[in-house]
Amino acid sequence: MPAGGFVVGDGQKAYPGKLTPFVLFTCVVAAMGGLIFGYDIGISGGVTSMPSFLKRFFPSVYRKQQEDASTNQYCQYDSPTLTMFTSSLYLAALISSLVASTVTRKFGRRLSMLFGGILFCAGALINGFAKHVWMLIVGRILLGFGIGFANQAVPLYLSEMAPYKYRGALNIGFQLSITIGILVAEVLNYFFAKIKGGWGWRLSLGGAVVPALIITIGSLVLPDTPNSMIERGQHEEAKTKLRRIRGVDDVSQEFDDLVAASKESQSIEHPWRNLLRRKYRPHLTMAVMIPFFQQLTGINVIMFYAPVLFNTIGFTTDASLMSAVVTGSVNVAATLVSIYGVDRWGRRFLFLEGGTQMLICQAVVAACIGAKFGVDGTPGELPKWYAIVVVTFICIYVAGFAWSWGPLGWLVPSEIFPLEIRSAAQSITVSVNMIFTFIIAQIFLTMLCHLKFGLFLVFAFFVVVMSIFVYIFLPETKGIPIEEMGQVWRSHWYWSRFVEDGEYGNALEMGKNSNQAGTKHV
């Protein structure tokens, strides 16, 4: 059976342009939107392993921790209230991403980023001053609203601002910011946990104000994308901005294509309903399946619950937080590898290599934990070398994710949608991501209690399934201009039956013909 298709040669446009300091600055600032998501992932798992935090808000979990070593280690964190604390954010992000789609389309990408920063800042302040569990959950819900807006707008912003030759690397800046946010949070957790008096968790949770202010202030100074400006009728300003972004005077070909795509977009009255049309079947499939599979790698439970997990396998609180810092450092370093390789090696290669690496590591970790913990979850005293082996393979697993499904799970969906469905489709991507992050966060601690080490084998099974899916159905998108992506689907062995020549890209043909007519006239 043929694998994914590749588009090369004749039909492909090459818009003029270079990587200017201006576009680099705007993409770096916009990518900082990932800090708020990453900081939350890193900070929450850390504070839930701090005894003072658990004693104040989740006393039943704290009491389980204080029991002797005969306690089933798999089940010591199984608490409905603790689960609600962690997972409420993702449900809120799901709801806000649906609203953010309309805001992003009608008012621009920048305004959505601004809303995201403000809402996240409010949630961080409530959590930092929380005195009751309900305050923690309200704060988490506001954090989720902020993340929903930011995750909707930032990947679109980066894909639209970046020159097509550098789109992969610049878009992965979002994932790099997520990993940096995770690492910073884990380092802060390690030091704040040592504060006498047991109030360090307040600094950890309240510290989320800093990344929130970065994206809030950043969104005030950033320009909107030419695509978004054209979509809102600001043609002259968009052309001027496009010249500055690309660093060349002749942007007529790209501009005409953007205008043509915008005209087709404006002819669509119901973008949500339009997503169900046959010609958008490949886009809708990827918008759903890529974020679905991204969460079923198990990465968020590893990063989110890393301190809890390391505590479970025999580390002290300090050692578990430090081990989480190590995995966070690996996460950042491996994401840099992805930035280097995504526009050289392609998306498919990284997806498949990362999947293979994660599969091997999950099998090894399951075997190691199963051999020592058995099914009753009472390992006794773990040798230091044994714990180091487990952490090493978890780090290799994190690296495999960080240069594959981590960044590409945001990059590929954001670059494959035509303008007329782009905002709605990106909202689907964010919503699916948050739905399954919520579900997995909701059931992870219970699954760990019941499936024990077999939980890692469940995630390993899904890694096999998703790798097969990528091999068969995902075409290579490296080096294709964002408004020319229709070629990818028309050339694919399977998706070509849904996306026919006469059915897709008519607006771009109009733009091409308009550009040629203008050239002849001159």
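Any Cβ shown, glycine's included, is placed from N, Cα and C.
Note that this is a predicted model, so its numbers are computed, not measured.
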From the candidates Ser70, Ser228, Ser252, Ser265, the one which Swiss-Prot records as phosphoserine: Ser252
Swiss-Prot: matching membrane side for Lys18 and Trp410: yes
Candidate ranges 118-138, 172-192, 349-369, 453-473 - greatest C-beta contact count to the transmembrane segment (322-342) (under 8 angstroms): 172-192
Neighbouring C-beta atoms (10 Å sphere around the C-beta of Ser252 (phosphoserine)): 15
Same-chain residues near the transmembrane segment (118-138), Cβ under 8 Å, at least 6 residues beyond its ends: 36, 57-58, 81, 84-85, 88, 96, 144-147, 149-150, 202-203, 205-209, 211-213, 215-216
Whether the transmembrane segment (172-192) meets the transmembrane segment (349-369): three or more C-beta pairs under 8 angstroms: no
Rounded mean pLDDT for the residues that make up the topological domain 'Cytoplasmic' (224-289): 85
Leading stretch by Cβ pairs under 8 Å, where the reference is the transmembrane segment (453-473) and the options are 203-223, 349-369, 385-405: 349-369
